[in-house]
Structure formats: C-alpha cells, structure tokens
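In TrEMBL this protein carries:
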TRANSMEM  23-43  transmembrane segment
DOMAIN    95-156  domain 'Potassium channel'
TRANSMEM  128-148  transmembrane segment
TRANSMEM  178-200  transmembrane segment
DOMAIN    192-229  domain 'Potassium channel'
TRANSMEM  212-234  transmembrane segment
Amino acid sequence: MYRPRARAAPEGRVRGCAVPSTMLLLLAYLAYLALGTGVFWTLEGRAAQDSSRSFQRDKWELLQNFTCLDRPALDSLIRDVVQAYKNGASLLSNTTSMGRWELVGSFFFSVSTITTIGYGNLSPNTMAARLFCIFFALVGIPLNLVVLNRLGHLMQQGVNHCASRLGGTWQDPDKARWLAGSGALLSGLLLFLLLPPLLFSHMEGWSYTEGFYFAFITLSTVGFGDYVIASCLISDTRKPNRDWQTLERTSKSSGGLLKYRFLAGHGGSHL
C-alpha cells in the first residue's frame with residue numbers, strides 16, 4: 001500500500017525554532033550563574049569581611065606587642081611566607097624544605113593534572129616544568145579518558161553478566177537488569193562517595209561532612225584545593241605539633257598568617 005512521505009519541515013522554520021531554544025538555554029545558564037553568585041555572596045561575603053577585620057586586628061596587635069617589628073617588615077614576612085608556600089616549600093619545622101615537590105608530592109600533582117582535578121595547592125614555578133606540564137597534560141588527559149572509558153566498559157560488562165545470570169535464575173530479565181543496575185549504583189556510591197569520608201576522618205582529622213565535601217569536589221573534578229589529602233605526607237612530619245597544626249589550618253585564611261604571634265610568644269624558635 002502506498003503511503004505519502006511526510007514532507008520535511010521548512011529550513012526557515014527549523015532555524016526559527018533553534019534560535020529561541022538556544023536563547024532560552026543561554027538565559028537559563030546566566031540565571032543559574034546569577035543564582036550561584038547571589039548565594040555564595042550572601043553566605044561567604046560576611047565571613048570574608050570578618051576574616052579581613054580579624055587579620056587587620058591581629059596584625060595591629062602583633063605590631064604593638066613587638067615594637068622592634070615595623071609594618072613594612074611584617075608585610076614582607078607575610079609575602080615571603082605566602083610565596084614560599086605557593087612555591088611548594090614546607091614551613092612546618094625548624095628548617096625550610098621543598099617537601100611538597102618530593103616523590104609523593106610530584107606524584108600527587110601528576111595525578112591531579114591528568115585527571116583535570118587541579119586542586120591548585122601546588123603548581124610548577126620553573127619555565128621548564130611549566131612547558132613539560134603542557135605536553136604532559138596534552139598526552140595524559142586523553143590517556144586518562146581512554147582508561148576511564150575502558151574501565152566503564154568493563155563495569156558495564158560485569159553488570160550485564162550479573163543481570164543475565166539473575167535473569168536466567170528468576171526468569172524475569174527486566175527485574176534482573178533493574179536489580180543489577182541498582183546494585184552497581186549503590187556500590188559506586190558507597191565506594192566513591194559515602195565510605196571515603198570515614199577514611200578521611202581517620203587519616204586527616206576531618207569531619208564526615210568535610211570528607212564528603214572533598215569526595216564530591218574530587219569526583220566532579222572541580223578541585224578547589226581548600227581540602228587536600230596526604231597533606232601530612234607531603235610536609236616534613238607525619239603529625240606536626242599542636243602549635244604548627246594551628247598555623248597550618250589558619251594560614252589558608254587572610255588572617256591566619258598572624259598565628260606567628262602565638263608561636264613568637266612561645267620562644268619564636270620556629271621562625
């Protein structure tokens with residue numbers, strides 16, 4: 001029986017539909033960015049202001065307590081400490097060493113580069129290392145995608161195999177596929193998102209919420225760098241003393257560097 005072929009939609013009508021949908025998508029994208037901007041500004045703006053005021057207050061108190069230290073010298077010290085930390089120097093002992101660029105730190109940087117996480121806590125400073133990083137990433141990122149794709153295929157084959165065996169046992173392929181897929185999803189959540197925070201809490205001293213936050217930021221390859229595992233392994237000592245833990249935790253905020261005031265009050269031998 002002959003059936004008339006459906007006529008293709010006019011090209012102008014297709015373009016007319018595509019343009020409004022693209023504009024709506026862009027508007028939704030900008031609206032989502034505006035929402036994030038407003039929420040983060042509201043939640044973090046006051047904390048940033050408080051941190052800035054605390055920094056200025058601690059700085060003024062330090063200058064008053066140590067009259068031999070003038071403001072330019074203190075500013076220079078702060079800049080040197082920040083720059084040394086960015087360069088990968090470990091400052092948590094009596095001597096300064098490039099502990100973060102030793103074997104463990106270099107491996108950590110290599111992994112964060114090819115996985116595109118880029119925590120930002122460590123970056124190359126020499127031109128030779130920067131040029132090598134470009135070529136290393138150009139090859140390593142596609143290689144990482146190939147490896148992940150292959151692992152994904154293996155996992156899919158495993159799920160299909162389990163579904164086929166369950167379907168043969170239960171004589172219900174749809175239910176078997178659903179059960180196998182649910183089990184794979186639950187296993188992935190437990191293995192990569194729910195259980196790692198417990199390990200982080202034990203090894204790094206974080207709360208479960210902080211560990212969950214780090215796991216999600218890592219899996220999504222956002223990698224802010226505010227939380228980084230193996231921080232003790234990359235520094236000079238496995239467990240720094242209490243004073244230096246205070247310095248390390250607070251040095252990430254704008255007022256944290258002035259915790260040197262606490263150390264100086266205990267002899268200042270670390271400086």
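Even glycines carry a Cβ here, placed using N, Cα and C.
Secondary structure by DSSP for the domain 'Potassium channel' (192-229): 24 helix, 0 strand, 14 coil.
Mapped onto DSSP classes, the domain 'Potassium channel' (95-156) shows 45 helix, 1 strand, 16 coil.
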